[in-house]
Structures are given as C-alpha cells and as structure tokens.
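A quick write-up on the structure given underneath.
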Amino acid sequence: RRHKLYREELNLTSPAAPVPLRPEAGWLQFHLGISRDGLYPRSSPVVNRLLRDMQEFPTISADYSQDEKALLGACDCSQIVKPSGVHLKLVLRFQDFGKAMFKPMRQKREEETPEDFFYFVDFQRHNAEIAAFHLDRILDFRRVPPTVGRRINITREILEVTKNEVLQSVFFVSPASNVCFFAKCPYMCKTEYAVCGNPHLLEGSLSAFLPSLNLAPRLSIPNPWIRSYSFDGKEEWEVNPLYCNTVREIYPYSNGNRLLNIVDMAIFDFLIGNMDRHHYEMFTKFGDDGFLLHLDNARGFGRHSHDETSILAPLSQCCIVKRTTLLRLQLLAEPEYRLSDVMRESLLQDPLAPVLTEPHLLALDRRLQLILEAVRKCIDTYGEATVVANDTTRPQAPASDRAKLDT
C-alpha cells in the first residue's frame, strides 16, 4: 500500500522518457577498461569514480538476484548457486544504467565464525566483499569487481523503488520499530533470518556488475580443488598428495597460464580465509590463458585466529607460482610495505571504515609468511627454475600480425 501511494504521489505510472547513455558514465568506462590483464588498469581513475558513484547515486530500482529468482521459478537461470535465507542479496540499479550487487550486513566485525560451522553454511559478510576488493588490488591481481560500503535507507532506496511484489511482501516492522526484510525461498526464509535497519539505515557492500553475458560471455568452470559440500566425505585432492600430477594431464591445465592462475586464486583465498571457491569464471574473449575472476568473497575473513592451510593445496601440491606474484608477496612482507599496514591504509578510504578489525589485519601478515614458507619448501625440493614461472615477459607476436596491428 505504501509503495502504491508513493508511486501515485510521484506520478511514476506514466511512461518514462528514453534515457540517453552518457559515454562518460562510470559503469560504461569501467566495462570498456576490461582487458586481458585485468578488470581495470593500474591506478585507474575510473575505478575511484565508480566507487564514488555507487556510494552516492540514488537507487532507481531494486530486485532479487538471479539466484533467488531461480529458486522461486521466476527465471531460467543456469550456473547459479542455490542461496538460503541467511544469504540475501539484491540487485540495485542507478542512473547511467549502473547496476550493483547489494549484500547487507549479517555479522558484526568483531564476531568470528563459530568453530563448529561448516564453510558452506557460514554467513556471508559484507565487509569481507569490501576487504577482498582492496586486497585484490594491492596484490595487483585486479580480478575482483570494484566494491564499496554504503549505508542504505532500505525503506526509501529498496522498498519504495522496487517493482517486485514478492520483495515488497517480505518487508515488515520489528517490535523494536526497525524496518526489516528477509529472503523469499523454499527454506531458511523466515522473519528470524531477516536483516533490519536502524530504523531504516542498513550498511552493506555494493559490487559493480560486470558487462552482461550477451556482451561479454563468461564461462563458469568447476575448481579442480573443489571441496566436498556434504557433512562427510573428502575429495581426491584432500587424500592424494600427488593429485596435481593428475590435473596437469588434463587440458587446459596441461599448458598455458590456467594452472598458474589457479595458484594465484588459492593464494588470494588463503589470505582472506575463503574455503568456498567451488567454481571460477573467466571471459571467453581472452581465451584459455585469460585471468580468473575472483567473485563472491563474502565468506572470507570469518576466523582471524585460524589459518586454513588446505586452501593452499594448489600451491603446495603443484609447486609452481608466477614470478610477478612472488615478487609482490615478498615486497608486502618487507617491514616498510607490510601487508597489514597497506591494507589498513587502503580500507580507510571506504565509507564504512574500519572495515576489518585489527586481528584480521594482523592475520594477513601471518598468512603471508606461511605462503612464502610454502614457496621456499618447493624451491628447496625442485629448484627455483622449476617452481618460479617467468611471466614478466610475453612472447612477441609474429611480424605479420604486428604489421596488421600497426595498420
């Protein structure tokens, strides 16, 4: 009823005039800047502008993500991850055709994931998405979409702009007079799992959407080091220390950069403590050697007091790492460029700072040393020439191809 009155008051039932696409729009410039080297260039001013836009632009619509819609049978969505009510996320739209994934706050920063929780039932943390973007940029991977924190007025910026009647129906006012909403799905979707504003403001993360699959097709590929998503049983890599030998015989891990990119992803996930990397995505345009997208990092930064070394299995079993990755890690281990200090300074730029507690920042330094120790063990066993892959130079294109490019 409130939504209907709001739309009638603003005369929102009349057809909207066509909206022109501004070439300088932040979302468009971000999409145009994607290359085979990463989602954005180093020191890109476009990224900072996009983060500012996501923080400041008013929302013009809100809706469920494809995951929730698939659960409700509202779309034919392939390659989705089945969500539960505790993993609510929404798609928010902005001017200039901007679109971002909103993940609301579920867990306070000082709370740790309980020891008895399986990784696949853990909360998704909005601050983990924000911190993962900053860490990915510090590591010079540039494979996490730009992500920023924001306090959303869930009444004005979600309820009153959504056209989805199902989403409207899950809003309610709590006994404490706070506005709340919950996910609509077949299980774990009750008011007990709602997120609530204070009374209307709710903090969360906003991650910029990638170009649509029609414009930039992507593949979703099972991770060779996927974990068992059941309460018992283990995957082969967990019981076979020679598992990497099997992976190396399978295309595309038998040659090229794919295996090296898997190791990069494992290093990134170990630093944030993310055990939930069951699939990875990559743009088809850049071929088999394209970079892997580091998406959905909300289950990271759950336990600062525990280092899950099994995440490093691709590195410790395959004993191979990119030279550029190793050099960056070694630099961040130096006292004057300590990873925790660089992260702390970077995260101060976010509107929700402090994003991580001090124990989580210090855990990054500890885990970095464990990574370097794993590399040292590999080098001692196989030699640096075998372990450290030189990716600092690229093979030059044939003269005929260079002539075409010059033309």
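Cβ from N, Cα, C; glycine included.
No curator has checked TrEMBL annotations; they are predicted automatically.
Listed in TrEMBL:
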{"type": "ACT_SITE", "residues": "D276", "note": "active site"}
{"type": "BINDING", "residues": "K103, S207, A208, F209, L210, E281, D296", "note": "ATP binding site"}
{"type": "BINDING", "residues": "D296", "note": "Mn(2+) binding site"}
{"type": "DOMAIN", "residues": "171-387", "note": "domain 'FAM20 C-terminal'"}
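On the structure: features taken from TrEMBL.
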residue: K103; record: ATP binding site; contacts (Cβ under 8 Å, 6+ apart): L88, K89, Q124, H126, E129, G204, S205, S207, A298
residue: A208; record: ATP binding site; contacts (Cβ under 8 Å, 6+ apart): W27, F30, L50, M54, G98, K99, A100, P145, P146, T147
residue: F209; record: ATP binding site; contacts (Cβ under 8 Å, 6+ apart): W27, V91, K99, A100, M101, P145
residue: L210; record: ATP binding site; contacts (Cβ under 8 Å, 6+ apart): H31, I34, L39, P145, A216, R218, L293
residue: E281; record: ATP binding site; contacts (Cβ under 8 Å, 6+ apart): R218, L219, S220, I221, L292, L293, L295
Of all the recorded positions given, D276, D296, which has the fewest Cβ neighbours within 10 Å once its own Cβ is left out?
D276
Taking the Cβ of S207 (ATP binding site) as the centre, how many other Cβ atoms fall within a 10 Å radius?
26
Taking the Cα atoms as reference points, how far is D276 (active site) from D296 (ATP binding site) in Å?
9
If you measure every Cα to Cα distance among K103, S207, A208, F209, L210, E281, D296, the residues said to bind ATP, what is the biggest one in Å?
20
